[in-house]
């Protein structure tokens, strides 16, 4: 930082070698000024006359030093008088050691944040966060059961109408304000600042059970080294005299999922201790996520369904969850990018990559499921033929019901051709004894939620040659995606804590280790036998509500409190090019209305249709559809009220302390800094000043006091 001394006849007020502030009384003259909290007290017991005389003498000495410094200006390696004076002051360590930086000055200093080492790493981090494994199987299941191509068309429409504008909004807010999910909204709209705390709490709850899904993946991965894989055949009994009778009553993959992986309880009311076979994988997941985060940023149908409101609400909720809106992680990740970064193109790029990945993976899923449905249907036809032959030999069916004997070439085609040619009365007799085998019907039986992967997909992989190899590769891919999403979720928790507490900024590793130990201990609740039922309750029915509410308040903060046009104007200055005015219409008009309608439709759908879950009935070894108990709905309402409570609470806090609804600065862009605007922070001189203040130049300025002109 440069400081130029100019000759002047002005007296220097408030100056002494034991003082803190040196300034000129004449406008235009240079000053060395510490407007912050760094203060040094003058010697006590000195009368005002003595102090005044001392100041006049020191002012004359100062001017003499200035002329002397100008005379030596041409000589190399000479330090300025100002630097010498600064050094002499700073040497008095015994007097200055107790000087403390106030919260205001500290907030300014902590504006500078580390940057991503490359744009590619940042984009991959955003994509990794948004591409959650659950999004892949849920998107494919919704495509199958919510209108097919109509659902896909509605999803794409909602993505461009609401998803991309909201992703752009969060990226722009985090990047321009250089703050995480909690601080950015308090700067943009003080009265709506509580929305950041709501995002933090939703992120925390999501993080508690998200790694449980990753622990299931690790458990399956560890079991895939066996040959054959354990979900391909039923396990033997204790004396190896035969297969497990409970498994023989159902499919091996279903038995392995419920009885060996989850050890699931029959009802959600039946708790128990954590499943010990999942505790170690759960711990491994948290260790991996913690290691990556400690390493820093570098490691991180029918056409009529178009008019179905339920399809629109499902597609809209899926868009919000897939893009990660409302969790604070998008803003937190963006806060580590330079303010001049083109966040609009980033929002489009991340969203399009997300969409293309979903479409490609869904096509792959349908191909595998088609193979799975074909094999299952072939086996169904062969099993039906064996049963019918036994019944005919026993005399329970007439000889006309005898199936074709040769089913080896194409069992499904041969069996169905024979079955469709039977007289109606014979066909009815056959259907009373065996089930109908149909590829399309079997294809639509693909399970919902995690079972889509751990039942249908896993069973399909077991039919492939080298099933052990393909199973390991498949679960390794899922684990990579799951860990990337978990890191993004945890970034939405760690960054706000570091932004609000200086202790956590200084001890990042301690924060991460302590936070992960806490979340590991709390997350063990979801590894108990009934834990999967709670996970389904939260992920399928609860989380969409706080996300929609948070997104509504975020759009209100930018559009109505700060002003959409003003926000776009600020971004235009930062990015160096104009932004389409369509966002000035989407943010204040379209997005809040669409989100409000989405909230109402989801609420109505939840109230009109009872919420259910699929559980395991140990007495019959079958899956049973059960209703959630009334206290489960009460739990959802309570959690929703808890995470939304910070929004009205912070609103009341602002009213009590008379904090204005809109930011104070109306004629210039606001920033996280109290002294520099966004555009001013981009000038090279200011950037250099901030970097020197933060990193410290021990040879010239061991202190963080400012030198301004």
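From the backbone N, Cα and C atoms, a Cβ is placed for every residue, glycine too.
Automatic, uncurated: that is what TrEMBL annotation is.
Pulled from TrEMBL:
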- 128, 367, 485: Na(+) binding site (BINDING)
- 687-700: compositional bias 'Basic and acidic residues' (COMPBIAS)
- 678-709: region 'Disordered' (REGION)
- 142-168: transmembrane segment (TRANSMEM)
- 188-212: transmembrane segment (TRANSMEM)
- 275-294: transmembrane segment (TRANSMEM)
- 314-336: transmembrane segment (TRANSMEM)
- 348-373: transmembrane segment (TRANSMEM)
- 468-489: transmembrane segment (TRANSMEM)
- 510-530: transmembrane segment (TRANSMEM)
- 542-564: transmembrane segment (TRANSMEM)
- 585-611: transmembrane segment (TRANSMEM)
- 631-656: transmembrane segment (TRANSMEM)
Cβ-based contact of the transmembrane segment (348-373) with the transmembrane segment (510-530), 3 or more pairs under 8 Å: no
Surrounding residues of the transmembrane segment (142-168) on its own chain - C-beta under 8 Å, 6+ positions past either end: 301-306, 308, 310-312, 314-316, 318-320, 322-325, 330, 343-344, 347-348, 350-351, 355, 359, 362, 443-444, 446, 448, 551, 554-555, 583, 586-587, 590-591, 594-595
Position of peak Cβ density within 10 Å, selected from the binding-site residues 367, 485: 485
Region pair the transmembrane segment (275-294) / the transmembrane segment (468-489), three or more CB pairs under 8 Å: yes
Feature contact check the transmembrane segment (631-656) with the transmembrane segment (542-564), CB under 8 Å, 3 or more pairs: yes
Which of 188-212, 468-489, 631-656 contacts the transmembrane segment (510-530) most, counting Cβ pairs under 8 Å: 188-212
Contact between the transmembrane segment (468-489) and the transmembrane segment (631-656) (at least 3 Cβ pairs under 8 Å, separation 6+): no
Within-chain partners of the transmembrane segment (631-656) [C-beta distance under 8 Å, separation at least 6 from its ends]: 190-195, 197-198, 201-202, 205, 268, 537-538, 541-542, 545-546, 549, 553, 611
Neighbouring C-beta atoms (10 Å sphere around the C-beta of residue 128 (Na(+) binding site)): 20
